[in-house]
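**Q** Below is a structure I'd like to ask you about.
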There are 2 protein chains.
Amino acid sequence: MSLTFNEFYNGRTGLTVGVQKVLFSEQTPYQKVEILETDTWGRMMAIDGMVMLSEKDEFVYHEMLTHVALFSHPHPEQVLIVGGGDGGTAREVMRHQSVQQVDMVEIDEVVIRTSKEFLPDVGDWGNPKLNVLIEDGIEFVKNIEDPYDVIIIDGSDPLGPAEGLFKTDFMQACYDGLKDNGVLTAQTESPWVQDYHKSMKQVFAALDDIYEVSKIYLAYIPLYPAGMWSFAFASKGANPLSQQAMQRVEQGLPTFGSKLNYYNEDIHQSCFALPNFVADII
Amino acid sequence: MSLTFNEFYNGRTGLTVGVQKVLFSEQTPYQKVEILETDTWGRMMAIDGMVMLSEKDEFVYHEMLTHVALFSHPHPEQVLIVGGGDGGTAREVMRHQSVQQVDMVEIDEVVIRTSKEFLPDVGDWGNPKLNVLIEDGIEFVKNIEDPYDVIIIDGSDPLGPAEGLFKTDFMQACYDGLKDNGVLTAQTESPWVQDYHKSMKQVFAALDDIYEVSKIYLAYIPLYPAGMWSFAFASKGANPLSQQAMQRVEQGLPTFGSKLNYYNEDIHQSCFALPNFVADII
C-alpha cells in the first residue's frame, strides 16, 4: 500500500507528501488531529487535513512567529501564547533570557498530548517557565487580569475553532491584555490563497485601527500552501525596525546557545518587505 | 475524467495542479514540452514534467530574474538571455528604456513556437529590440564577439539539456562575454530540494571564484518546489545594494508604464537576506 497525504488550496492545487504510517488519528471535540510518519519530513501533524508542522520544517514557522515579536519588545518577561499546543512556539520564546513566564492557552488537550508523545523534540515541556492551560484562548484573553508583555496567536486556520482569532473583538481584547510596551504577533495565512484574503483584510484592518503600529511580514514555509506564509506584527509603539530592536537582535542571538536555522538579523528586517501583490491584498 | 499534474521533489513530496485539458505535448530532440490548461493558474508550461511557468504566477520568476540585474547595471544596453524561450524574461528586460537590443538564445524552437501559440501574453514578441536565435546557448556564449552589459541565464533544471549551464566553464565564458561593468543573473533552483544542493554549491563556488561580486537571492514562487526559489547575482564590480543601484530602482520603476506585481525597491534589497539554512548550503 502506498500512502500519501494531500492538502488542496486554490481548487485542486495542493501539496502531496509521501506517508509511511499513520501514527495517530482522532476526531476531538474541536477538530481532527493526525500524526503521520512521512518519507522525508520526519513526523508531521495535520489538523482538519491541513499541515500544522513537520519535524523538518517547523523551525521556520516557530522562529518567525516568536523572535520578531520578542526582539521588538524592550524587555519581554510575561508572554501569552494562544494555541501553540505542539510546543514549538513556547520553545523559541523561552530562549529569550528576559522571559520569566510563558502561559500557553490551548483549547484542545489532544494536541498537547499527541505532541508530547509523537513530537517530543518540538516542545521544551520540562522548562519551569512554561505554564500550560487547557482553555478557550478567546475567553482567556477577555479575562486577562495581569497584562502581558507579548501575546502570540498561534492558532490554526480561520475555518474551524480558530475562526474567532481573526476577529476584531479578539484583536481588541489582546490590546487590552497587553502592557504599555506590548507586542503581538499572529499567523495570518498564505497570501497566495484567495479564500484567506477576506480573513487577512479583516485582521489587518482591525490591527491598523486598534494598535499604534501594525505590519505584515512573510516567511518561506515549504509545507504550507504555496510556500509563502504571512504573519501580523502589532504593538503599542514598539517598532521592529528601530535601531534599538536591531541592537537587541544582535546582542540577543548569541545568548541562544545554538544557532537558529532560519531567523537572523537580516531576516528580521527583510521579512517586512512585501511583494506588490501582497501589499495590494491588505 | 479528472486530470491532475503532479511534480515530485524530495521523494514523494510535491505539487498537484488540477488540469482541464492537455493543449500540447511533444517530445522534442531536447526535452518533453507540455502546455496544460489548469483549473486556477491559467495555462501552464511543463518541461520534462517540471513546471516552468503558469500565466498566473510567472510574474514572480520573470520580474526577479531580470530587474535585480538590470537596475544593478549603470546603463544596460545590450542584453543576452540564454534560454528564456517562453518570452517572459525578454518582456521584463525590454521595460528598461536604456536597453537597445536583447539577444535571446534558445536551444529548442518548440518552446518558442508553443509559447507564441498558447501563452501569447507572456512574451513581447513584436518588440523590435528582440532578436531571437535558435542555438545552443553554451556554444553561443563561448563565441561572443561583442560583449554584453547583462547576461541572464534562464534555463531549465540542471538535469536535462540545461546541465551545462551550472558548470564552471560556462560561468567563465559568461564572464568573458560581459563588458567591464557586466552583470549576470541565473536561476539556481530551490534550496529546499536536497538533490539541487550539489549544483547550487558548484555554481556559487564558480561565481565566487570568477566574479568580483557574487550573491544569492530568493523569491517566493508558488508552483516551484517548496515555493522558494534561488537566483545567482554576479558582476564585475556592480553592487546591487549600492546607493546608486537603489537610486536607479527608484527612478526607473515609474518609467515602466504599468506597476509590477512582485518586484519593488524593498524587494530589491530584502531578497538578498538569507535564512541561516540557505546560507549554510553554499
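Glycine is no exception: its Cβ is also placed from the backbone N, Cα and C atoms.
Curation does not apply to TrEMBL; its annotations are automatic.
Below, the features straight out of TrEMBL:
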type	residues	note
ACT_SITE	B:Asp154	active site, proton acceptor
BINDING	B:Gln31, B:Glu106, B:Asp136, B:Gly137, B:Pro161	S-methyl-5'-thioadenosine binding site
BINDING	B:His62, B:Asp86	spermidine binding site
DOMAIN	B:2-236	domain 'PABS'
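Buried or exposed, and what's around them? Tell me for each listed feature.
**A** The Cβ of B:Asp154 (active site, proton acceptor) has B:Leu65, B:Ile81, B:Val82, B:Gly83, B:Gly84, B:Thr89, B:Ala186, B:Gln187 as same-chain neighbours under 8 Å, each 6 or more residues away in sequence.
Summarising the environment of B:Glu106 (S-methyl-5'-thioadenosine binding site), the number of other Cβ atoms within 10 Å of its Cβ, over all protein chains shown, is 24.
Using a 10 Å radius centred on the Cβ of B:Asp86 (spermidine binding site) and all shown protein chains, the other Cβ atoms total 26. In the three-state DSSP scheme, B:Asp86 (spermidine binding site) falls into the coil class.
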**Q** What is the number of other Cβ atoms found within 10 Å of the Cβ of B:Asp136 (S-methyl-5'-thioadenosine binding site)?
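**A** B:Asp136 (S-methyl-5'-thioadenosine binding site) is surrounded by 17 other Cβ atoms within 10 Å.
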**Q** Specify the secondary structure state of B:Gly137 (S-methyl-5'-thioadenosine binding site) as given by DSSP, simplified to three classes.
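**A** The residue in question, B:Gly137 (S-methyl-5'-thioadenosine binding site), is helix (DSSP, three-state).
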**Q** Considering every residue in the domain 'PABS' (B:2-236), what is the mean pLDDT value?
**A** 95
**Q** Of all the binding-site residues given, namely B:Gln31, B:Glu106, B:Asp136, B:Gly137, which is spatially nearest to B:His62 (spermidine binding site) at the Cα level?
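**A** For B:His62 (spermidine binding site), the spatially nearest of the binding-site residues is B:Glu106.
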**Q** How big is the gap, in Å, between the Cα of B:Gly137 (S-methyl-5'-thioadenosine binding site) and that of B:Asp86 (spermidine binding site), rounded to a whole number?
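**A** Their Cα atoms are separated by 15 Å.
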